[in-house]
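The structure is given below, and queries will be raised subsequently.
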Amino acid sequence: MAPASKSDRKAPLDAAAWMFNILTSVGVIMVNKALMATHQFSFATTLTGLHFVATTLMTIVFKWLGYIQPSHLPLSELIKYVVFANLSIVGMNVSLMWNSVGFYQIAKLSMIPVSCLLEVVFDKIRYSRATKLSIVVVLVGVAICTITDVSVNSRGLIAATIAVWSTSLQQYYVHSLQKKYSLGSFNLIGHTAPAQAMSLLMLGPFVDYWLTRKRVDAFDYNITVVFFIFLSCIIAVGTNLSQFICIGRFTAVSFQVLGHMKTILVLVLGFFLFGREGLNLQVIFGMILAVMGMLWYGNASSKPGGKERWSYSLPIDKSQKHGLLSESGEHDGKV
């Protein structure tokens, strides 16, 4: 039997990475929802800081076991990444507080076109018509599922804009840093997790007090709350790691498109676990449309020309065309 090709080996690993991300992301959302809705622990920014503390401990163990090798990431790049990532976390929390749920969902959906713009501008990516249409189908499907009332004010619009751009830049930057400095997922998270943990634990209590008018140190902790915080941190380690793995294997746009599968799963689990009303025809139709769009996107973007870098061809003299044919073909292959 012939050995499996590189693409044959890549597909199962891509699927496993994506399923790992979906399971951990949905799991941490469900645990956090129980923690915040049921037990009134509303300190989201501080909790995220604790998530990165747990992730930092994981990287320390992995370094000790030899799974993370020494690597270099310039301090300037690390600072830029941490700024984008922390603005994303705070911006999303503030956007949810200042905007209606409908506008918050619209802002989240707009991350896909923003991510596309970043790839077009910085990576010179070109999308086929089918790929573009599939993204539109996903956006429409998720919008039908999630958008209810839509109202916006000036400060809410500013918060949503900051959240959308910082999140898109953070996800794009993960992919860019991995490629630019040849960093694996474990190496990159080993650089970024300690910086995020330290910065979020310093800023988190102040941001949470600003958002909730409650002090995290004055909260009435009990065994159940501590257990849920610990469980949230454990699952979040997998979420943080799987995000780096997925963006490294895919792109920020693919991560966003396929990420809406998590939105649909959260909706379904929310209906069954938290006593909401049953699914109506509108939500079911939106879910079906979104899933169809995701499948279409996967098929369209994987075809030749579906999603590729622009290649620029310099005009050549006809007399030189035959002599340079093999050389230009080699150059195009490298591009």
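Yeah, the Cβs are placed from backbone N, Cα and C, and that goes for glycine too.
Residues or ranges marked as transmembrane segment by TrEMBL: 12-31, 43-66, 78-96, 133-150, 156-174, 186-207, 219-238, 250-273, 279-297. Taken from TrEMBL, the feature domain 'Sugar phosphate transporter' applies to 24-297.
Each of the listed features needs to be described in terms of its position in the shown structure.
Counting residues 6+ beyond its ends, the transmembrane segment (12-31) has Cβ neighbours under 8 Å at 228, 231-232, 235-236, 238-239, 242-243, 245-246, 249-250, 258-259, 261-262, 265-266, 269, 273 in the same chain.
Within the chain carrying the transmembrane segment (133-150), a Cβ under 8 angstroms from the stretch's Cβ atoms is held by residues 100-103, 105-106, 109, 112-113, 116, 127, 253, 257, 260, 263-264, 267, 282-283, 285-294, 296-297, 299-301, all 6 or more beyond its ends.
Nonlocal intrachain contacts for the transmembrane segment (156-174), taken as residues 6+ away from its ends with a CB within less than 8 angstroms of a stretch CB, comprise 80-81, 84-85, 87-88, 91-92, 94-95, 98-99, 103-104, 107-108, 110-111, 114-115, 118-119, 122, 188, 243-244, 247-248, 252, 255-256.
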When you scan the chain for residues with a C-beta under 8 Å from the transmembrane segment (250-273), skipping those not six or more beyond its ends, what do you find?
14, 18, 21-22, 25-26, 29-30, 33, 111-112, 115-116, 118-119, 125, 135, 138, 141-142, 145-146, 168, 171-172, 174-175, 243, 279, 283, 287, 290-291, 294, 297-298, 301
Please tell me whether the transmembrane segment (186-207) and the transmembrane segment (78-96) touch - that is, whether there are at least 3 C-beta pairs under 8 Å between them, with each pair 6 or more apart in sequence.
yes
